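Structure record follows, encoded as structure tokens.
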Amino acid sequence: MAFTLYSLIQTAILCINAIAVLHEERFLSKFGFGVEQGVGGFGDDPGVKAQVLSLIRSVRTVMRVPLILVNSASIVLLLLFG
Amino acid sequence: MDYTPTQSGFRQQPNMRQRNSSADGLEGSQLFEDTSGAAHGLQTGYSNQQAGPQAAGFTGQSILSDPMSNLAMAYGSSLASQGREMVDKNLDRFIPISKMKYYFAVDTVYVGKKLGLLVFPYMHENWEVRYQQDTPVAPRFDVNAPDLYIPAMGFITYVLVAGLALGTQNRFSPELLGVQASSAFVWLIMEVLAVLLSLYLVTANTDLTTIDLLAFSGYKYVGMIIGVVAGLLFGRPAYYLSLLWCCAAIFVFMIRTLRLKLLSDAAAEGRLVRGTRNQLRMYLTMSIAAAQPIFMYWLTYHLIR
């Protein structure tokens, strides 16, 4: 129960890593990740599944490079300070 | 609690600086530490006074101190105003201070009415927020508008009451206050993030900002405080009873407030509207409201043994 802000940061890093390592071919295509024309529909009701897919795609695109930096920083810090 | 324009803050600043520099010289203003050149100028001025005219006597002191310290004070005040401008500009990028001022524009009547509404929302009829030219009216004028004063005060009071409760059980140590505060804060942040995520997934086009959600999530601290205080004063049955009452009250409060903001107009008036979108939004409203009692119990049960 004793959560600290540091554990929140850890949780965030782990979750974003988890989203980033999902493999496109083997896993995400089963859920319609590769369907391009479905996302382009600017209808009134994209639906929950389309929203989840667009969220996953945008997180992967945006956070790829910062994740590399943040992961290397945390590896170095964990090696130094345990 | 009225909006003091920054102009008066600017005008006050040089006077304060001159008063401070004549007395002490090292006190900072509200937002930043004063490491400007005025302190160094004064120190060199004073050391000049001490080292130099000691042979020349004390008559030279007043002549030396005036131009030197005047120059130093002018330079220091210009540096201070520049620094203040820079801090204001950069701080406004991260924390929207002008928007925050709206949420703290409250007065005692509003706080009293809102607290009564949080504990007994069953008689209130009109839950709509009044608008004034496309912006919501300040909380001072409208009971239904969300504010951040009650959640902030409630959070601090909750931490203090938790420390008190732990102290009566001889489990208190000063670090526990920080642990309680940070864990409650983390739960608050996680709840706000979860609500934001679910609002995004359901594509609800609302005008609920993040700060609004923070305010709504912070209202449950009032019920938690009432429950813990009742449990401290009268024992466990009183804790459970008052917590139950406050949970029901917060549940009804959240549903009635969120219904107007999340659901479409037709569904908000109570008519059954078909369609998965409205159903999803209804489920979302229900789950946000139901999460409040769960958090209220989760964050307080360990305080009453």
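A Cβ is built for glycine as well, from the same backbone N, Cα and C atoms used for every other residue.
What TrEMBL lists as compositional bias 'Polar residues' is B:1-23. Residues or ranges marked as region 'Disordered' by TrEMBL: B:1-29. Annotation source TrEMBL lists transmembrane segment at B:148-167, B:179-201, B:213-233, B:239-259, B:280-299.
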Selection from B:148-167, B:179-201, B:213-233, the stretch that has most Cβ pairs under 8 A to the transmembrane segment (B:280-299): B:179-201
Residues of the parent chain within Cβ reach of the transmembrane segment (B:213-233), under 8 Å, 6 or more residues beyond its termini: 103, 115, 118-119, 146-148, 150-152, 154-155, 157-158, 161-162, 164-165, 168, 188, 191-192, 195-196, 239, 241-243, 246-247, 249-250, 253-254, 257-258, 292, 295-296, 299-300, 303-304
